[in-house]
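J.: Here you go, one structure.
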Amino acid sequence: MAQVFNFSSGPAMLPAEVLKLAQQELRDWHGLGTSVMEISHRGKEFIQVAEEAEQDFRDLLNIPSNYKVLFCHGGGRGQFAGVPLNLLGDKTTADYVDAGYWAASAIKEAKKYCAPQIIDAKITVDGKRAVKPMREWQLSDNAAYLHYCPNETIDGIAIDETPDFGPEVVVTADFSSTILSAPLDVSRYGVIYAGAQKNIGPAGLTLVIVREDLLGKAHESCPSILDYTVLNDNDSMFNTPPTFAWYLSGLVFKWLKAQGGVAAMHKINQQKAELLYGVIDNSDFYRNDVAQANRSRMNVPFQLADNALDKVFLEESFAAGLHALKGHRVVGGMRASIYNAMPIEGVKALTDFMIDFERRHG
(Lines of atoms letter the chains of each structure in order from A and count residues from 1; the text may use other names and numbers.)
(Lines give C-alpha, C1' and ligand atoms only; values in the text may rest on other atoms or scores of the structure.)
Protein backbone atom coordinates (compact mmCIF):
# COMPACT_ATOMS: atom_id res chain seq x y z
CA MET A 1 0.00 0.00 0.00
CA ALA A 2 1.33 3.43 -0.97
CA GLN A 3 2.14 5.77 1.91
CA VAL A 4 -0.61 8.19 2.86
CA PHE A 5 -0.06 11.51 4.63
CA ASN A 6 -3.11 12.78 6.50
CA PHE A 7 -3.32 16.58 6.69
CA SER A 8 -6.62 16.58 8.62
CA SER A 9 -7.12 19.33 11.18
CA GLY A 10 -8.48 16.82 13.67
CA PRO A 11 -8.87 14.01 14.36
CA ALA A 12 -5.35 14.19 13.05
CA MET A 13 -2.50 11.96 12.04
CA LEU A 14 -0.96 9.86 14.82
CA PRO A 15 2.70 8.77 14.85
CA ALA A 16 3.18 5.57 12.84
CA GLU A 17 5.22 4.04 15.65
CA VAL A 18 2.40 4.63 18.12
CA LEU A 19 -0.21 3.05 15.86
CA LYS A 20 2.03 0.04 15.26
CA LEU A 21 2.54 -0.52 18.99
CA ALA A 22 -1.17 -0.08 19.72
CA GLN A 23 -1.95 -2.61 16.99
CA GLN A 24 0.48 -5.12 18.47
CA GLU A 25 -1.00 -4.70 21.95
CA LEU A 26 -4.65 -4.42 20.94
CA ARG A 27 -5.83 -7.95 21.76
CA ASP A 28 -3.27 -8.89 24.39
CA TRP A 29 -2.08 -5.97 26.46
CA HIS A 30 1.00 -6.75 28.56
CA GLY A 31 0.25 -10.46 28.56
CA LEU A 32 -3.16 -10.11 30.21
CA GLY A 33 -4.92 -11.81 27.33
CA THR A 34 -7.28 -8.87 27.01
CA SER A 35 -7.27 -5.42 25.44
CA VAL A 36 -6.40 -2.27 27.35
CA MET A 37 -9.86 -1.10 26.24
CA GLU A 38 -11.41 -3.83 28.37
CA ILE A 39 -9.61 -3.47 31.70
CA SER A 40 -11.10 -1.57 34.63
CA HIS A 41 -10.10 2.06 34.96
CA ARG A 42 -9.80 1.45 38.70
CA GLY A 43 -7.58 -1.60 38.38
CA LYS A 44 -3.89 -1.34 39.18
CA GLU A 45 -2.93 -1.97 35.55
CA PHE A 46 -4.78 1.04 34.16
CA ILE A 47 -3.89 3.24 37.11
CA GLN A 48 -0.26 2.66 36.17
CA VAL A 49 -1.05 3.71 32.58
CA ALA A 50 -2.76 6.86 33.86
CA GLU A 51 0.02 7.80 36.26
CA GLU A 52 2.75 7.29 33.67
CA ALA A 53 0.85 9.35 31.11
CA GLU A 54 0.44 12.24 33.53
CA GLN A 55 4.09 12.16 34.57
CA ASP A 56 5.31 12.06 30.98
CA PHE A 57 3.02 14.97 30.10
CA ARG A 58 4.34 16.91 33.07
CA ASP A 59 7.91 16.16 32.04
CA LEU A 60 7.34 17.27 28.44
CA LEU A 61 5.95 20.67 29.47
CA ASN A 62 7.92 21.05 32.71
CA ILE A 63 4.64 21.63 34.55
CA PRO A 64 5.22 23.15 38.02
CA SER A 65 4.16 21.14 41.06
CA ASN A 66 1.46 23.66 42.01
CA TYR A 67 -0.50 22.81 38.86
CA LYS A 68 -2.94 19.92 38.55
CA VAL A 69 -3.39 17.90 35.36
CA LEU A 70 -6.90 16.66 34.59
CA PHE A 71 -7.87 14.11 31.95
CA CYS A 72 -11.42 15.06 30.97
CA HIS A 73 -14.34 14.54 28.62
CA GLY A 74 -16.05 17.21 26.54
CA GLY A 75 -13.42 18.58 24.19
CA GLY A 76 -12.51 22.22 23.84
CA ARG A 77 -16.16 23.18 23.60
CA GLY A 78 -16.76 21.58 26.98
CA GLN A 79 -14.08 23.84 28.42
CA PHE A 80 -15.71 26.89 26.83
CA ALA A 81 -18.28 26.30 29.58
CA GLY A 82 -15.90 24.76 32.11
CA VAL A 83 -13.67 27.83 32.33
CA PRO A 84 -16.36 30.36 33.34
CA LEU A 85 -18.15 27.84 35.56
CA ASN A 86 -14.93 27.20 37.49
CA LEU A 87 -13.28 30.62 37.51
CA LEU A 88 -15.91 33.36 37.66
CA GLY A 89 -16.45 33.09 41.40
CA ASP A 90 -18.50 36.08 42.53
CA LYS A 91 -17.57 38.14 39.47
CA THR A 92 -19.85 38.64 36.50
CA THR A 93 -17.40 39.37 33.70
CA ALA A 94 -14.21 38.10 32.07
CA ASP A 95 -11.97 39.39 29.29
CA TYR A 96 -12.15 37.44 26.02
CA VAL A 97 -9.78 38.07 23.11
CA ASP A 98 -11.40 37.58 19.71
CA ALA A 99 -8.83 36.70 17.06
CA GLY A 100 -10.66 34.03 15.07
CA TYR A 101 -13.33 31.38 14.78
CA TRP A 102 -12.60 29.37 17.94
CA ALA A 103 -12.07 32.43 20.11
CA ALA A 104 -15.47 33.67 18.95
CA SER A 105 -17.00 30.26 19.75
CA ALA A 106 -15.64 30.49 23.30
CA ILE A 107 -17.16 33.95 23.64
CA LYS A 108 -20.55 32.71 22.46
CA GLU A 109 -20.57 29.98 25.11
CA ALA A 110 -19.30 32.30 27.86
CA LYS A 111 -22.27 34.61 27.32
CA LYS A 112 -24.46 31.93 28.94
CA TYR A 113 -22.62 32.44 32.24
CA CYS A 114 -21.28 36.00 32.29
CA ALA A 115 -21.04 39.27 30.39
CA PRO A 116 -17.70 38.91 28.59
CA GLN A 117 -15.66 41.99 27.82
CA ILE A 118 -14.60 41.37 24.22
CA ILE A 119 -11.15 42.48 23.08
CA ASP A 120 -11.26 42.57 19.28
CA ALA A 121 -7.67 41.76 18.35
CA LYS A 122 -8.21 41.23 14.62
CA ILE A 123 -6.32 43.71 12.43
CA THR A 124 -4.97 43.98 8.89
CA VAL A 125 -1.29 44.57 8.12
CA ASP A 126 -0.34 45.30 4.51
CA GLY A 127 -3.52 43.61 3.34
CA LYS A 128 -2.89 40.49 5.43
CA ARG A 129 -4.85 39.28 8.45
CA ALA A 130 -3.03 39.74 11.74
CA VAL A 131 -3.51 40.06 15.51
CA LYS A 132 -2.82 43.01 17.79
CA PRO A 133 0.23 42.47 20.00
CA MET A 134 -0.57 41.68 23.61
CA ARG A 135 0.63 45.09 24.79
CA GLU A 136 -2.34 46.61 22.94
CA TRP A 137 -4.95 44.38 24.56
CA GLN A 138 -7.06 46.58 26.83
CA LEU A 139 -7.90 44.48 29.89
CA SER A 140 -10.72 45.46 32.23
CA ASP A 141 -10.25 45.97 35.96
CA ASN A 142 -13.07 43.73 37.14
CA ALA A 143 -12.52 40.63 34.99
CA ALA A 144 -12.31 37.24 36.67
CA TYR A 145 -9.85 36.05 34.02
CA LEU A 146 -8.52 36.60 30.50
CA HIS A 147 -9.21 34.01 27.79
CA TYR A 148 -7.59 33.66 24.38
CA CYS A 149 -6.85 31.03 21.72
CA PRO A 150 -3.14 30.89 20.75
CA ASN A 151 -3.77 29.07 17.47
CA GLU A 152 -6.80 29.33 15.20
CA THR A 153 -7.00 26.17 13.11
CA ILE A 154 -9.51 27.53 10.59
CA ASP A 155 -7.97 30.96 10.08
CA GLY A 156 -4.36 29.75 10.25
CA ILE A 157 -3.59 32.51 12.74
CA ALA A 158 -1.22 32.13 15.69
CA ILE A 159 -0.44 34.24 18.74
CA ASP A 160 3.10 33.25 19.69
CA GLU A 161 3.66 35.80 22.45
CA THR A 162 3.93 34.68 26.06
CA PRO A 163 1.43 36.54 28.27
CA ASP A 164 2.89 38.92 30.85
CA PHE A 165 0.01 40.80 32.42
CA GLY A 166 1.14 40.50 36.03
CA PRO A 167 0.25 38.04 38.80
CA GLU A 168 -3.26 39.43 39.32
CA VAL A 169 -4.47 38.42 35.86
CA VAL A 170 -5.61 34.81 35.55
CA VAL A 171 -4.78 33.88 31.97
CA THR A 172 -6.69 30.97 30.42
CA ALA A 173 -6.01 29.60 26.96
CA ASP A 174 -7.27 27.06 24.46
CA PHE A 175 -4.13 25.22 23.34
CA SER A 176 -6.03 22.45 21.53
CA SER A 177 -4.13 22.78 18.26
CA THR A 178 -0.69 23.83 19.42
CA ILE A 179 0.05 22.13 22.75
CA LEU A 180 3.30 20.11 22.79
CA SER A 181 4.38 21.68 19.49
CA ALA A 182 6.64 24.31 21.09
CA PRO A 183 8.02 25.14 24.54
CA LEU A 184 5.39 26.59 26.87
CA ASP A 185 5.82 28.50 30.13
CA VAL A 186 2.93 26.99 32.06
CA SER A 187 3.56 29.32 35.02
CA ARG A 188 2.20 32.26 33.01
CA TYR A 189 -1.27 30.70 32.93
CA GLY A 190 -4.05 29.92 35.36
CA VAL A 191 -5.74 27.35 33.13
CA ILE A 192 -4.58 25.68 29.92
CA TYR A 193 -6.86 23.25 28.13
CA ALA A 194 -6.53 21.18 24.98
CA GLY A 195 -8.64 18.69 23.09
CA ALA A 196 -6.50 15.64 22.38
CA GLN A 197 -7.36 15.06 18.73
CA LYS A 198 -4.65 17.22 17.16
CA ASN A 199 -1.31 16.99 18.99
CA ILE A 200 -2.03 14.61 21.88
CA GLY A 201 -3.93 11.54 20.73
CA PRO A 202 -7.35 10.40 19.49
CA ALA A 203 -10.60 12.30 19.95
CA GLY A 204 -12.53 11.84 23.18
CA LEU A 205 -9.98 13.13 25.68
CA THR A 206 -9.35 16.68 26.88
CA LEU A 207 -6.43 17.77 29.04
CA VAL A 208 -6.72 20.62 31.53
CA ILE A 209 -3.80 22.14 33.42
CA VAL A 210 -5.06 24.24 36.34
CA ARG A 211 -3.19 26.16 39.02
CA GLU A 212 -4.18 24.65 42.34
CA ASP A 213 -5.17 27.95 43.99
CA LEU A 214 -7.97 28.22 41.42
CA LEU A 215 -9.65 25.04 42.62
CA GLY A 216 -12.69 25.17 44.90
CA LYS A 217 -14.34 28.13 43.17
CA ALA A 218 -16.80 26.39 40.87
CA HIS A 219 -20.31 27.80 40.59
CA GLU A 220 -22.89 25.80 42.51
CA SER A 221 -24.63 24.91 39.24
CA CYS A 222 -21.44 23.65 37.58
CA PRO A 223 -21.95 20.05 36.42
CA SER A 224 -19.75 17.71 38.44
CA ILE A 225 -18.14 16.39 35.26
CA LEU A 226 -16.82 19.91 34.52
CA ASP A 227 -15.87 20.80 38.11
CA TYR A 228 -12.06 20.93 38.30
CA THR A 229 -12.09 20.25 42.04
CA VAL A 230 -14.27 17.16 41.68
CA LEU A 231 -12.11 15.86 38.86
CA ASN A 232 -8.90 16.52 40.77
CA ASP A 233 -10.19 14.93 43.98
CA ASN A 234 -11.09 11.81 41.99
CA ASP A 235 -7.85 11.58 39.99
CA SER A 236 -9.80 12.36 36.79
CA MET A 237 -11.93 9.26 37.39
CA PHE A 238 -15.12 10.76 38.77
CA ASN A 239 -16.80 8.71 36.07
CA THR A 240 -15.33 6.20 33.63
CA PRO A 241 -12.73 8.09 31.60
CA PRO A 242 -11.98 7.49 27.90
CA THR A 243 -9.42 4.83 28.77
CA PHE A 244 -8.25 3.93 25.27
CA ALA A 245 -7.70 7.58 24.34
CA TRP A 246 -5.81 8.04 27.62
CA TYR A 247 -3.64 4.99 26.87
CA LEU A 248 -2.91 6.12 23.29
CA SER A 249 -2.08 9.63 24.46
CA GLY A 250 0.37 8.10 26.91
CA LEU A 251 2.06 6.30 24.01
CA VAL A 252 2.28 9.61 22.13
CA PHE A 253 3.94 11.24 25.16
CA LYS A 254 6.57 8.50 25.23
CA TRP A 255 7.06 8.90 21.48
CA LEU A 256 7.57 12.64 21.94
CA LYS A 257 10.16 12.02 24.61
CA ALA A 258 11.97 9.65 22.27
CA GLN A 259 12.06 12.39 19.59
CA GLY A 260 13.91 14.67 22.00
CA GLY A 261 10.97 16.36 23.68
CA VAL A 262 9.08 19.54 22.92
CA ALA A 263 12.14 21.67 22.10
CA ALA A 264 13.29 19.19 19.45
CA MET A 265 9.77 18.92 18.06
CA HIS A 266 9.56 22.71 17.86
CA LYS A 267 12.61 22.81 15.57
CA ILE A 268 11.09 20.18 13.29
CA ASN A 269 7.78 22.06 13.22
CA GLN A 270 9.57 25.25 12.23
CA GLN A 271 11.30 23.43 9.38
CA LYS A 272 8.02 21.97 8.12
CA ALA A 273 6.24 25.32 8.22
CA GLU A 274 9.11 27.15 6.51
CA LEU A 275 9.15 24.57 3.74
CA LEU A 276 5.43 24.89 3.03
CA TYR A 277 5.18 28.66 3.37
CA GLY A 278 8.28 28.97 1.20
CA VAL A 279 6.55 27.29 -1.73
CA ILE A 280 3.44 29.44 -1.23
CA ASP A 281 5.37 32.72 -0.97
CA ASN A 282 7.56 32.02 -3.99
CA SER A 283 4.56 31.40 -6.21
CA ASP A 284 1.93 33.53 -7.93
CA PHE A 285 -0.27 30.44 -8.14
CA TYR A 286 -0.75 29.98 -4.37
CA ARG A 287 -1.37 32.55 -1.68
CA ASN A 288 -1.73 32.76 2.09
CA ASP A 289 -3.58 35.76 3.55
CA VAL A 290 -2.03 35.83 7.05
CA ALA A 291 0.73 38.26 8.05
CA GLN A 292 4.02 36.47 8.65
CA ALA A 293 4.16 37.43 12.33
CA ASN A 294 0.88 35.60 12.97
CA ARG A 295 1.21 32.60 10.68
CA SER A 296 0.36 29.28 12.26
CA ARG A 297 2.98 26.54 12.21
CA MET A 298 0.26 23.93 12.74
CA ASN A 299 -2.43 24.90 10.22
CA VAL A 300 -1.50 26.39 6.86
CA PRO A 301 -4.45 27.61 4.77
CA PHE A 302 -3.80 28.57 1.17
CA GLN A 303 -5.79 29.55 -1.89
CA LEU A 304 -5.23 28.73 -5.55
CA ALA A 305 -5.11 31.62 -8.01
CA ASP A 306 -8.05 30.04 -9.83
CA ASN A 307 -10.54 28.48 -7.43
CA ALA A 308 -12.04 26.58 -10.35
CA LEU A 309 -9.02 24.30 -9.94
CA ASP A 310 -9.81 23.48 -6.30
CA LYS A 311 -11.67 20.29 -7.15
CA VAL A 312 -8.88 19.09 -9.45
CA PHE A 313 -6.25 19.88 -6.82
CA LEU A 314 -8.11 17.88 -4.18
CA GLU A 315 -8.70 14.92 -6.48
CA GLU A 316 -5.11 14.75 -7.70
CA SER A 317 -3.59 15.29 -4.25
CA PHE A 318 -5.76 12.53 -2.78
CA ALA A 319 -4.68 10.17 -5.54
CA ALA A 320 -1.08 11.05 -4.67
CA GLY A 321 -1.61 10.00 -1.03
CA LEU A 322 -2.04 13.53 0.30
CA HIS A 323 -5.35 13.42 2.15
CA ALA A 324 -7.69 15.90 3.90
CA LEU A 325 -6.41 19.09 2.28
CA LYS A 326 -9.80 20.71 1.77
CA GLY A 327 -10.10 24.01 3.62
CA HIS A 328 -12.76 24.64 6.22
CA ARG A 329 -16.14 25.62 4.79
CA VAL A 330 -15.84 29.05 6.45
CA VAL A 331 -12.77 30.07 4.43
CA GLY A 332 -12.64 27.59 1.54
CA GLY A 333 -9.49 26.84 -0.41
CA MET A 334 -6.97 24.40 1.01
CA ARG A 335 -5.55 23.75 4.45
CA ALA A 336 -2.62 21.60 5.46
CA SER A 337 -2.52 20.72 9.14
CA ILE A 338 1.03 19.71 10.00
CA TYR A 339 0.95 18.74 13.65
CA ASN A 340 3.72 16.91 15.51
CA ALA A 341 2.93 13.52 13.98
CA MET A 342 3.30 14.78 10.40
CA PRO A 343 6.84 13.89 9.32
CA ILE A 344 8.84 16.34 7.28
CA GLU A 345 8.68 13.77 4.47
CA GLY A 346 4.93 14.36 4.32
CA VAL A 347 5.38 18.11 3.93
CA LYS A 348 8.05 17.53 1.29
CA ALA A 349 5.65 15.26 -0.61
CA LEU A 350 3.00 18.00 -0.45
CA THR A 351 5.32 20.77 -1.64
CA ASP A 352 6.63 18.60 -4.49
CA PHE A 353 3.03 17.98 -5.54
CA MET A 354 2.18 21.69 -5.31
CA ILE A 355 5.14 22.65 -7.49
CA ASP A 356 4.22 20.02 -10.07
CA PHE A 357 0.53 21.00 -9.99
CA GLU A 358 1.44 24.62 -10.65
CA ARG A 359 3.67 23.57 -13.53
CA ARG A 360 0.82 21.65 -15.12
CA HIS A 361 -2.06 24.03 -14.39
CA GLY A 362 -0.50 27.44 -13.83
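Every residue gets a Cβ built from N, Cα and C, even glycine.
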J.: Looking at Swiss-Prot, which one out of D56, D120, D174 binds pyridoxal 5'-phosphate in the same site as G76, R77, W102, T153, Q197, N239, T240?
T.: D174
J.: Which of the listed recorded positions (R42, R77, K198) has the least company, meaning the fewest other Cβ atoms within 10 Å of its Cβ?
T.: R42
J.: Quick one: of S9, G76, R77, W102, which binding-site residues lie within 10 angstroms of K198 (N6-(pyridoxal phosphate)lysine), measuring between C-alpha atoms? Sequence order, please.
T.: S9
J.: Hey, how far is R77 (pyridoxal 5'-phosphate binding site) from S9 (L-glutamate binding site), Cα to Cα, in Å?
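T.: Each residue's Cα considered, R77 (pyridoxal 5'-phosphate binding site) and S9 (L-glutamate binding site) end up 16 Å apart.
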J.: Provide, as an integer number of angstrom, the distance between the C-alpha atoms of T240 (pyridoxal 5'-phosphate binding site) and R42 (L-glutamate binding site).
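T.: Cα of T240 (pyridoxal 5'-phosphate binding site) to Cα of R42 (L-glutamate binding site) measures 9 Å after rounding.
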J.: How many other Cβ atoms are found within 10 Å of the Cβ atom of T153 (pyridoxal 5'-phosphate binding site), counting all protein chains shown?
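T.: By my count, 25.
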J.: Taking just the CA atoms, what is the gap between Q197 (pyridoxal 5'-phosphate binding site) and S9 (L-glutamate binding site) in Å?
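T.: Rounded to a whole number, the Cα-Cα distance is 9 Å.
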J.: Using C-alpha atoms only, work out the spacing between N239 (pyridoxal 5'-phosphate binding site) and S9 (L-glutamate binding site) and round it to an integer in Å.
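T.: So the Cα of S9 (L-glutamate binding site) lies 29 Å away from that of N239 (pyridoxal 5'-phosphate binding site).
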